[in-house]
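Enquirer: Just dropping this structure here.
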Amino acid sequence: MEPIQRTFDSLDWITVILFSSLVFIVIAKGVFYNRFMDFIILPFNNKYIFMYGKKEKLLNWFQIFVTVFQIINFSLFIYLVYNIFNQTNNSSSLTFYFTILGLLVLFMIIKILLQYGNGYVFNSGNVISQFVFKKLSYLNYSGILMFFFNVMLCYVFKGSKSIVYLSIVLILLINVMGWLTALRNHQKFLRANFFYFILYLCALEIAPFVIIGSYLKD
C-alpha cells in the first residue's frame, strides 16, 4: 500500500491535473472553434484583440475555459519550479499544489477587482476593461506554453533547470508583448493618468512578483 501511495504522490496526480486542464482547452476549441483559431495565433497577429477586445465582456465562456486552463498549469508550473530549486520532498504533495492553486485564484480575483475598482473611481471602466482583457489574453496564451513545459519537466527533462529558465524567458516574453500591446493602444489614457498608472504598476504588477521571488529565494 505504501509504494502505491508513493507513486501516486509523485506523478500520477500530476498526470490527472494535466489531463484535467486539457479538458478545458479542448472544450474551448470545440465550442468556440473560430475564436480559438484566432487566439492560437495571438503573438503573431492581433486579430483576436481587435475582434474581441471591445465588444466582448471579460467574463464569457471562452475566456473562462482558457483562464481555468491557464491557472491550473500556472499553479503546477510554480509547484514544479519550487520543488526543482529547493530539491526537497517536503512540498511534494497534492495538498501543496492546491494551496498554490487557491492562492493564485485568490490573487487574480483580488487583482481584477482592484483594477475594476480603479476604473470605477476614475470613471474609466471601459478602458480598464479593455486593458485587463488584453493582459489576461496574453497570460492565458502563456498557459499553453506552461502546459508544454510542465509536461517536459515531469516526463522528458525531469528537474531540468535549463528548461525552467527557458520557460520563464518565453512566458515573460509573451506577457511583455501583451503589456506593450495594451500600452500602445491606450497611450492617451495613460498620459492623462500617468501618476496613477505608476502607482498601479508598482502595487499590482511589480510588487507581487517581488514578493513571490523573495519567498522562493528564501
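Just so it is clear, glycine is given a Cβ too, placed from its N, Cα and C backbone atoms.
Where the annotation comes from TrEMBL, it is an automatic prediction and has not been curated.
It should be emphasised that the depicted structure is a prediction, and the values quoted were computed from it without experimental measurement.
The annotation transmembrane segment is assigned in TrEMBL to 13-37, 58-82, 94-114, 138-157, 163-182, 194-216.
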Enquirer: Out of 13-37, 58-82, 138-157, what stretch is closest in contact terms to the transmembrane segment (94-114), meaning most Cβ pairs under 8 angstroms?
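Expert: Per the Cβ under 8 Å count, 58-82.
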Enquirer: Using a Cβ cut-off under 8 Å, which residues of the same chain at least 6 positions beyond either end of the transmembrane segment (138-157) come close to it?
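Expert: Those are 11, 14-15, 18, 21-22, 25, 39-40, 42-43, 63, 66-67, 69-71, 73-74, 76-77, 80, 84, 163-164, 166-167, 170-171, 174-175, 177-179, 181, in sequence order.
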